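Chemist: Please read through the structure below; I'll follow up with questions.
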Amino acid sequence: MLEIIILAAGKGTRMRSDKPKVLHTLAGKPFLEHVLDRSAELNADKVHVIIGHGADMVREALAGRDVNFVEQTEQLGTGHAVLQVLPHLNPESDTLILYGDVPLTKTDTLAELRAKVSDSSMGLLTVNLADPNGYGRIVRTNGSVTAIVEQKDANPEQLKIDEVNTGVMAVKSAHLAKWLPALSNDNAQGEYYLTDIIAMSSADDIAIETAQPKDEYEVLGVNNRLQQAELERIFQRQVAEELMVAGATLLDPARLDCRGSIEVGRDCVIDVNCVFEGKVVLGNNVHIGPNCVISDSTIGDGTVILANSILEESTLAENCNIGPFARLRPGSQLASKAKIGNFVETKKAVIGEGSKVNHLSYVGDAEIGAGVNIGAGTITCNYDGVNKSKTTIEDGAFIGSNSALVAPVTVGKNATVGAGSIVTKNSEEGDLIIARAKQSNIKGWARPVKK
């Protein structure tokens, strides 16, 4: 049985923020959510989140998560924090202790650490740093770990040690039940250090087995916004590398932001400053221009999305053409070879095969058939101030420029709407619809003159 404890009670003073540090984001998701995702991948039987500063905000942020909240009302150190969880632990379980502000530790690293745990051993995640300043040092005797000494308590010889404690450890819950109540706060900080259980473990002949991450960034925590930005770039670089290995061309890998997951087919090209949110799937040979934002959308093979376009919860079939400056809002569904041009907005709109909405239009709550042409400035008037209604435009229809289609309304198959019309009644197949005031030309009219 595996239980995970996540320390998330700290105030994060150096973030200079009104919200708890663990709720600040990496790739659009709170640090704490990243740690919880790793917990889920490890198939933890129970996850305990220690909260303190901003406890209500953390509870609200994790409202959909199956976690046990344990509140640390006084901030008396990491050992004191874990002590609060002790009554909730199964004495037969293995316990993995993680930190809510260390978001990039890999699942494989944690699984390796957990494997170190037995009745006669515990696991400790360490790392060797060129600059260990600020970290607790790993003290070894004849190669075996015997203690962790915090920076402020270290002597000159111990300060030379470059192997440092990451804070992440795995241990039998029964051992924690023995060691935690025996912790002392007789140190420079006057706090109860979780790291003091290492010396207790050594004294009880419980071997301390160490593991190290493949990459140093896995154990980097966040204490300020500069470090937050550094981790963001590390994360985004990883995503960029994965996309390029998968066969995508990134015109500048340093200018990509993924805030969710992205799946790419072969020969995709992604230009600079694109943002991907939620779950995004790109087919083969998809080209995305600069400065696009794509959220929770599926893009079919051969589709081209030009610069400065925004897509949200939309589905595009193959060989569509979007933008520049197009906005597809949730519920937009495009069949193959459909085109949405510049300064066009769609919402809950089904656009048929080969249909075109090329310029300056709004298409909302609409179903458009195949081979339809929507002229510039066309508006589907879908909202009467209370209710939304649907516009239906059947196959082959032609909508002239600057037309307003007042829903609910249907334009028949192969019908034509004259430019500037306000359409309020249904039409049948092949109709010509003209709904505008008759033009008058007044001969000899003189412009007014200033008096």
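Every residue, even glycine, has its Cβ placed from backbone N, Cα and C.
Per Swiss-Prot, the features are:
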REGION    226-246  region 'Linker'
REGION    247-451  region 'N-acetyltransferase'
ACT_SITE  HIS359  active site, proton acceptor
BINDING   ALA376, ASN382, TYR383, SER401, ALA419, ARG436  acetyl-CoA binding site
Chemist: Using a Cβ-Cβ cut-off of under 8 Å, list the residues of the same chain that are 6+ residues beyond the ends of the region 'Linker' (226-246) and lie near it.
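Modeler: That would be 15, 24, 26-27, 103-104, 217, 220, 253-254, 256-258, 262, 264, 270.
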Chemist: Just to verify a number: CA distance, the residue listed as 'active site, proton acceptor' to TYR383 (acetyl-CoA binding site), in angstrom, no decimals.
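Modeler: Per the Cα atoms, the residue listed as 'active site, proton acceptor' and TYR383 (acetyl-CoA binding site) stand 21 Å apart.
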Chemist: Specify the count of other C-beta atoms within 10 Å of the C-beta of SER401 (acetyl-CoA binding site).
Modeler: 17
Chemist: Would you find the one among the binding-site residues ALA376, ALA419 whose Cβ has the most company, meaning other Cβ atoms within 10 Å?
Modeler: ALA376
Chemist: Can you tell me how spread out the acetyl-CoA site is, meaning the largest CA to CA distance among ALA376, ASN382, TYR383, SER401, ALA419, ARG436, in Å?
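Modeler: For the residues that bind acetyl-CoA, the greatest Cα distance is 22 Å.
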Chemist: Under 8 Å between C-beta atoms and at least six apart in sequence, can you list the same-chain neighbours of ASN382 (acetyl-CoA binding site), or say none if there are none?
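Modeler: Expected: GLY364, ASP365, ALA366, LYS388, SER389, LYS390, THR391, ALA407.
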Chemist: By DSSP assignment, list the helix, strand and coil residue numbers for the region 'Linker' (226-246), in that order.
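Modeler: DSSP composition of the region 'Linker' (226-246): 20 helix, 0 strand, 1 coil.
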Chemist: Suppose we draw a 10 Å sphere around the Cβ of ARG436 (acetyl-CoA binding site). How many other Cβ atoms does it contain, all chains included?
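Modeler: Taking all protein chains shown, ARG436 (acetyl-CoA binding site) has 13 Cβ neighbours within 10 Å.
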